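Here's the structure we're looking at; comments come further down.
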Amino acid sequence: NGAICIQPCSPSFHGETSFVCEDRKWQLLSDACANLDVQSLFQLGHGKPGDGAKHFGADDHTNSSCQADFSCIIPDILSSPAIPGNIADIVDLLKKISLQLSENVTRGKLQSYSRIANHILNSSIISNWAFVKDRNAGSVLLDSVNLFAGKLLLRNGSESIQEPFIATKGYSIHKNTSGMSFHFSMEFSDTGNITGRVVIPEEELLKLPRTSKAISIAFPTLGAVMQTGRLDPVFVNGMVLSVALPEELQHIWLTFEKMNKLEHVAAQCVGWHSGERRWDNRPCKTQSDSVSSVVCVCSHQRRTYKSFSILMSPATLRSAVLDYITRVGLGLSIFSLVLCLVIEAVVWHHVTKTEITFMRHFCLVNISASLLVADVLFILAAIVHNTTLNYQLCVAATFFLHFCYLALFFWMLTLGLLILYGLLFIFFKITRSVFLAAAFSIGYGCPLVISILTVAITEPENGYLRSGACWLDWYKTKALLAFIVPALSIIVVNLVVVVVVVVKTGRSSVGEGWKSQDLSSVIRISKNVALLTPLLGLTWGFGLATIVDSRSLAFHVTFALLNAFQGFFILLFGTLLDRKVR
């Protein structure tokens, strides 16, 4: 725009207000150039003050040559330090080039473009991205490179452009009738020989109506600056692999070599949602996961999912023991709860002759029924997500799962309040009709209101479901709080109930001999705590231990044992150990 942009000085950052300046040092990129038209950048050459028109548009031949491959701006950019301000400006420059100059992308153009991007993706300066003001700069760079490289013109059916920290490969592909898949690899020697592999299955190639092109762009360091959008400590543990394919091709196989080869830590295949700018595991499924590499099957969508990688969390345990406990525990829990309900139906008229025993067994039946339905829905929700990926079914499964688990906790609260009523309000009697009205209002009314409000508030923003599971979202709308807050509150209330029971039990033995008193108190207290812990849901409190030390396998195993087998414990302590039931 007729302006010469220079930034010869930078702050000393030693507490002084002075600046450290390098005389006659020209830097093309600065805040003053943020709104500069891309076309005018190619009028800026090297040179120094005084060169005048020679470098600013007088030489039309040089100007047209620069726009052909951007070669004139590369020396200035590569000589500028990759400080946060310059990183932001280079990202903005690459975005403008991709939007305004992406027609007829030749090998020369893409080589220059890749050299510019490589300058700010160098592993030695990748930490400087943390100080870039725009948190979405990494996503902007990814989208810009994908757009520009996706229009690469192929010569002789293939192209390969390799830089230390960005690589592009393109191939002509056609309808395959030979029964062979099409595959190629991406490799980087400067980042520990990290590799990636793209496989287009033969059944996908058969969908091609004509000869097309497949282009892949790999970034071994960009994943470190991509915002995960998650609160749990996950990190990208492989290269970011982008693919540009014809619309007819939807499913591809991607192999990622792990940068950090951690044992007992599960990897998660994810796609970058370009609209929401976050990693999403809905488009990908993990086919195999070894210590060194992960194979993913991903759905490619040109408008939404074009870039893929793997996430890992050092806090997420992958343990065959936990899987085994969960499967066995849920199976036994469902069987135990069905048996519990059958036994209660058989003995109902014999054990509910008094008001207090009726109320107790009524709560026990509803606790068992709620947990039984919740366990079944838990399994069905996993099946729905893993097989159909149907959004509406997933929403329905999550709603009823949320309602049933809340009903479980609120019925455990009802039982806790009933125990408290029996201990503290001995001479205050309530009728059966009043109890039923209050119990149904608490046990099913409160969960229904919370569940409906949660889906009504969060679903219009597409924030009801978390990515990768039929369950409440945490990262976008915090919908999971609609389960966590009531559950933890009820656990605290029921813990108070257990404390009151323990105190009352200890006092009831006053007058006996000291030794017999101590022994009987310990026995009674232990028995009451053992009986009440599963019935009042206190075992769920062990989930806090997995948050405090999420890497401890012992805490995870303890939590899984206590809660996967909760149905069995309810049958044992709530039914089989009841003298009247026996």
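Placement of Cβ uses the backbone N, Cα and C atoms for every residue, glycine included.
The structure displayed is predicted, hence computed values, not measured ones.
On the 0 to 100 pLDDT scale, the model's mean across the domain 'GAIN-B' (175-318) is 84. Look at TrEMBL and you will find 175-318 tagged as domain 'GAIN-B'.
Residues or ranges marked as domain 'G-protein coupled receptors family 2 profile 2' by TrEMBL: 322-578.
What TrEMBL lists as transmembrane segment is 328-351 (among others). Through the fold, the transmembrane segment (328-351) approaches residues 357, 361, 364-365, 368-369, 371-372, 375-376, 378-379, 560-561, 563-568, 570-572, 574-575, 578, 580-581 of its own chain, all at least 6 residues removed from its boundaries and within a Cβ separation under 8 Å.
Same-chain residues lying 6 or more positions outside the transmembrane segment (363-384) and placing a CB less than 8 Å from one of its CB atoms are 330, 333-334, 337-338, 340-341, 344, 390, 393-394, 397-398, 400-401, 404-405, 407-408, 411-412, 414-415, 418, 439, 443, 469-471, 535, 566-567, 570, 574-575. The transmembrane segment annotation in TrEMBL covers 363-384 (among others).
Annotated transmembrane segment per TrEMBL: 399-427 (among others), in sequence order.
Per TrEMBL, transmembrane segment is recorded for 434-457 (among others).
What TrEMBL lists as transmembrane segment is 480-503 (among others).
If you look up TrEMBL, you'll see 529-548 (among others) marked as transmembrane segment.
Sequence annotations record features per position, and here TrEMBL assigns transmembrane segment to 554-577 (among others).
Under DSSP, residues within the domain 'GAIN-B' (175-318) fall into helix, strand and coil as 8 helix, 75 strand, 61 coil.
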